[in-house]
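Novice: So that we are looking at the same thing, I have put the structure below in structure tokens.
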Amino acid sequence: LDVEKNHSVVSEFFLLGLTSSWEIQIFLFLFFTVFYVASMLGNILIMLTIISDHHLHSLMYFLLANLSFIDTGVSSIATPKMIYDLFRKHKVISLKGCIAQMFFIHTVGGTEMVLLIVMACDRYIAICKPLHYLNIMSLRMCISFVATAWTIGLIHSVAQLAFVVNLPFCGPNKMESFYCDFPRFIKLVCTDTYRLEFLVAANSGLISTGTFFILIVSYVFILVTVRKHSSGGSSKALSTLTAHITVVVFFFGPCIICYVWPFPTLPIDKFLAIFSVIITPFMNPVIYTFRNKDMKVAMERLFLRALSIRQNSFSPSPRNSDSS
Ligand SMILES: *[C@@H]1O[C@H](CO)[C@@H](O)[C@H](O)[C@H]1NC(C)=O
């Protein structure tokens, strides 16, 4: 028999999940379900509001809608399976499923990082170079920014996956996590993993650390400019910026620890992933959108419109009977 072919005997992995304690699992079930449903509803509401309201057809809001679209992806890749798995004794995932998860997580995650940079640049130009804003940030630019973000996300993901798709697995097939990702995945490969670890640190580690610093620097620039030009608005700007920085730390902190931590894997990093995968997609709408006055007004308009359509279709109003 062909020994080479049988080398890869592992065709599925056991995800050990976060904990084996029954009480904590019930808590996690409620926690994940609430956050997942809330972030899906919030992000879908944002997309509907922005697409349906022509007052919001500007670059900033299109970027926000795209961020919401990406966030529905981020939260849907691993969370539903994890919620489903919580009460299963054997949490299995096939090799193909595992690779698919890594592909989608990194494509969407890479895209989100680039999009966050674009959004920070957009705010920077709007606040610090307002006279040039309309010249630089046109709607055409927006489409090319979004296309660039997806291209970079895709390249980032494929560049890592290309090295691992054909690797042999022979040893243990248990992963101490609730979804597949490179750092734990490559630990299970039979061959020498040192170069692979370096590759992941150089790719995922670099993109998350780089984005983190670019975002922090751009926020500091914006804050300094706002403080110089206005005294009244600076406390509001400060609170908005603090909120942004909190989200950025929540999202990037776990990524950086997960991909560039040079020492043996930390036991808490499987919990840290919850922040990137579940909490940030929920926080983004809260931070970027629900604090925004124009968005709130537009959502009210959308609700009123939906309400009036409902009333018209359920109870024929006098106006309807007049016209018929
Ligand atoms: C993303 O941005 C483009 C414009 O650049 C816009 O046409 C599109 O509707 C946005 N996507 C979503 C889901 O809103």
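Glycine is treated like the rest: Cβ placed from N, Cα and C.
According to TrEMBL, the record shows the following:
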TRANSMEM  24-46  transmembrane segment
DOMAIN    42-288  domain 'G-protein coupled receptors family 1 profile'
TRANSMEM  58-79  transmembrane segment
TRANSMEM  99-121  transmembrane segment
TRANSMEM  142-165  transmembrane segment
TRANSMEM  205-226  transmembrane segment
TRANSMEM  238-262  transmembrane segment
TRANSMEM  268-290  transmembrane segment
Novice: Please report, as numbers and ranges, the same-chain residues at least 6 past the borders of the transmembrane segment (58-79) whose CB is under 8 Å from any CB of it.
Specialist: 32, 35-36, 39-40, 42-44, 46-47, 50-51, 101, 104-105, 108-109, 111-112, 115-116, 118-119, 122-123, 126, 137-139, 141-142, 145-146, 149, 178-179, 276-278, 280-282, 284-285, 288-289, 295
Novice: For the transmembrane segment (238-262), I need the partner stretch with the highest count of C-beta pairs below 8 angstroms, choosing only from 99-121, 142-165, 205-226.
Specialist: 205-226
Novice: Mind checking which residues reach the transmembrane segment (24-46)? Cβ under 8 Å, same chain, six or more beyond either end.
Specialist: 18, 64-65, 68-69, 71-72, 75-76, 79-80, 82-83, 86-87, 278-279, 281-282, 284-286, 289-290, 295, 299
Novice: Which sequence positions outside the transmembrane segment (205-226), separated from its termini by at least 6 residues, show Cβ-Cβ distances below 8 Å to it?
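Specialist: Contacts of the transmembrane segment (205-226) (Cβ under 8 Å, skipping residues fewer than 6 from its ends): 110, 113-114, 116-117, 120-121, 123-124, 127-128, 156, 233-234, 237-238, 241, 244-245, 248, 252, 255-256, 259-260.
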Novice: Tell me, what is the mean pLDDT of the domain 'G-protein coupled receptors family 1 profile' (42-288)?
Specialist: 84
Novice: Which bits of the chain, at least 6 residues beyond where the transmembrane segment (99-121) starts or stops, bring a Cβ under 8 A of a Cβ in it?
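Specialist: Cβ under 8 Å, 6 or more out: 60, 63-64, 66-67, 70-71, 73-74, 77-78, 93, 145-146, 148-150, 152-158, 160-161, 164-165, 179-182, 185, 204, 207-208, 211, 214-215, 218-219, 222, 248, 255, 276-277, 288.
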